[in-house]
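Enquirer: Pasting in a structure now, in structure tokens, and then I'll have a few things to ask.
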């Protein structure tokens, strides 16, 4: 598989997990350098995304357990606690301007998922 | 110079209104305005909640009733003198002198002296054992005297008097009497018929009511022994509480030469200014619009008016609506608008149900278009709607009796529901109480700013972002406004599916589709979202009853279904094993205790007669369930939109009143419908006799035993909008009862909107309960047999979904916080409370 994100210079790629560790059209949380990163296998779009696992609304570590989907074509994830939804592309909260999360590039090589921090 | 800009305010009186004035003044204080506030109070304690005074007898202490602590006053720089009433006002020099000799200068003086108990001049009122009911000190005296008293009476059948009488009963007196001069109770609020109904209810509680009694003398030596009435009768009592009304405390105003009314009250204008422009009067001491407002709300409004004026604003005190609703010793009593207007000035509609203790009266204008006022006794659920209709002068429907009688089926039903619907609410009706968003604000966002989705509304005005309880109403308003604007509204699921839930269910069923992507590919577009995913997940489960985590179905499940447990604060989960009918063996109880100990879980009995184990780490869930399943527990589906519990009372096996074995039937019903997924959660209960200890009438379907069989009730609800279930079958045998429930539940599953409880489903149904009964009991649509067959098919394929997870390594693997490390979420923290743990409070 080709990397699906444009990579910037000096990104450090971290091996996160195997492809099959993340359910299709769902997410999982990886521990990378002591940080909790939510990784999404958006199989329906053939894309991978990574974001903070912490939802900034109530500081809960659960974004990876949220449902993914799209809004007007923009891929998004809904936090399971109070359904704050975040763009998987920009990290901006789509139903409350006050919040946003970090997004990270993802690369898939030889059945391994890498996240750039 | 700071001193020059400081305005000296003195508040005389530290009651609720005096306190509220201070609070409002502080909150309105601006930078360039500095107030120095001094408060004089007669009572020894700071302001307390006099409205809930009778709760003092129910165990509340003086401190519980306090409105603000002494700290609050000092923190806000307020000088507070307690037990120190003002005894003189020098208006020329603008000085007040207190009982203890403090002399303080004012720029503005606020009289909030309130009122005292009115004590009629009956010979003997000075005897021991005669009390008034006004302050905490009065209550303390009553309480200690009641210990040695047997028979007590209250003089006055108004609101306070009735509360006092109940308090006497609660204090352990053998008899409590209410003596009222007027021909009815609560003469200012309700009419004769309402009073009779209330009297019945109160007598049922053990109060003795005496109307039309004029007390001539209080008999006895130093101590009261009885009451002599003008009609010659005599009532033997050894204590008497006088609650015959209030008398404004205007004596200081009189001394100061302010204008007062001959019958009491400091005369004020619309700005609440007394005859001295630097002195204001607020609360129950003030006579505004020729009356004393003896309620707390107008008192607060007066405080607001004066605080606004002193901070540079303008506001007038307008004649205040005196509509009230209160719960009097368990009975609702409400009156609004003009409750007493009589024919021929209006048309009056009355409804009386002695069996239920309900009396309702509405007064409608002669042309039938306007609601003028009314009275509700025994059931005041419609109070808010009626009050709004009355205040906003909403045009009434042709059959205005629907307002108090509700929808009664048939042709009229739709007209009546349209009155009760959300669109008939006035614009200032509060829809989202968390964020204080009114209906008008939402309507404006929809029609003027084009925000026509729930998400858009959440974003632009924050409605529904708090508890979310108002979202169904918000959705109805959006659709209502669009309809009014002539937009054709199709009740579609979301941007990915142009179908209603019911349409999609039929399509999925006919085409036999069993995966989310299958449904999306055939009937939708785009990538789905958090609205349609769980909805389709629920449809698939309702149709095929396969494990919700298998195939591609795990990531489409909502927060709780996703891990077959309830996600809680902090990201841990709670575990609820099924305990059918609430019956459990000691052996199973022990295992629950052992599991809780082993995994450090907080344990609590739920409202549905089972045990909830909180604080489980995601990683531990499969192991916890493995142990529970090993001794025969099954999933309780507490996480699912599915059957929760079937509650039961102990029934005829032990109870001396029980007429049927309610526990056995509850277990049978729970085992039959366990795991049944539906548009929303389902709750049920079985009671073994008419005493209804299992509260079956508050459930989605409830069963009550009779001598001959079982009565079936449907579409009840507890929660935020309680609604009683309605009877659809009487004295049926078990088999019939089950058959009717099969039909009822399948009909609900097939036709309800997503996340709609059975009660709301029924409320929106054209034809209402009569139609539902015709479909379920009389089978007018001819679908009864098919519904039963569908239900039977689901029941036959039931499997405990937790058992399947525990036995499947593939599914078990997903129960891990990290995909790349075998550890639990290190961020989870707990706090200790009462020897157990609780989730760390979120920020």
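The backbone N, Cα and C atoms fix where each Cβ goes, and this holds for glycine too.
The domain 'FAD/NAD(P)-binding' annotation in TrEMBL covers B:8-290. The domain 'NADH-rubredoxin oxidoreductase C-terminal' annotation in TrEMBL covers B:323-393. The domain 'BFD-like [2Fe-2S]-binding' annotation in TrEMBL covers B:430-479. As annotated by TrEMBL, domain 'Nitrite/Sulfite reductase ferredoxin-like' applies to B:568-630. According to TrEMBL, the domain 'Nitrite/sulphite reductase 4Fe-4S' annotation covers B:640-765. What TrEMBL records for B:649, B:655, B:689, B:693 is [4Fe-4S] cluster binding site. Residues or ranges marked as siroheme binding site by TrEMBL: B:693.
Describe the structural context of these features.
Expert: Averaged over the domain 'FAD/NAD(P)-binding' (B:8-290), the predicted model has a pLDDT of 92.
Of all Cβ atoms in the shown protein chains, 16 besides its own fall within 10 Å of the Cβ of residue B:655 ([4Fe-4S] cluster binding site).
For the recorded site, residue B:693 ([4Fe-4S] cluster binding site), the DSSP three-state label reads coil.
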Enquirer: Does DSSP give residue B:655 ([4Fe-4S] cluster binding site) helix, strand or coil?
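Expert: SS state of residue B:655 ([4Fe-4S] cluster binding site) = coil.
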Enquirer: Sorted by position, what residues of the same chain at least six away from residue B:689 ([4Fe-4S] cluster binding site) have a C-beta under 8 A from it?
Expert: B:649, B:651, B:652, B:655, B:657, B:658, B:659, B:660, B:704, B:705
Enquirer: Just how many other Cβ atoms lie inside 10 Å of the Cβ on residue B:693 ([4Fe-4S] cluster binding site)?
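Expert: Excluding its own Cβ, residue B:693 ([4Fe-4S] cluster binding site) sees 18 Cβ atoms within 10 Å.
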Enquirer: Work out, from DSSP, the number of helix, strand and coil residues along the domain 'NADH-rubredoxin oxidoreductase C-terminal' (B:323-393).
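Expert: The domain 'NADH-rubredoxin oxidoreductase C-terminal' (B:323-393) comes out at 9 helix, 33 strand, 29 coil.
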Enquirer: Using DSSP, how many residues in the domain 'BFD-like [2Fe-2S]-binding' (B:430-479) fall into helix, strand and coil?
Expert: 26 helix, 5 strand, 19 coil
Enquirer: 10 Å Cβ neighbour count around residue B:649 ([4Fe-4S] cluster binding site)?
Expert: 28
Enquirer: For the recorded [4Fe-4S] cluster site formed by B:649, B:655, B:689, B:693, name the remaining residues of the chain with Cβ within 8 Å of the site's Cβ center, in chain order.
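Expert: Other same-chain residues with Cβ inside the cutoff are B:650, B:651, B:657, B:658, B:662, B:687, B:688, B:691, B:692, B:694.
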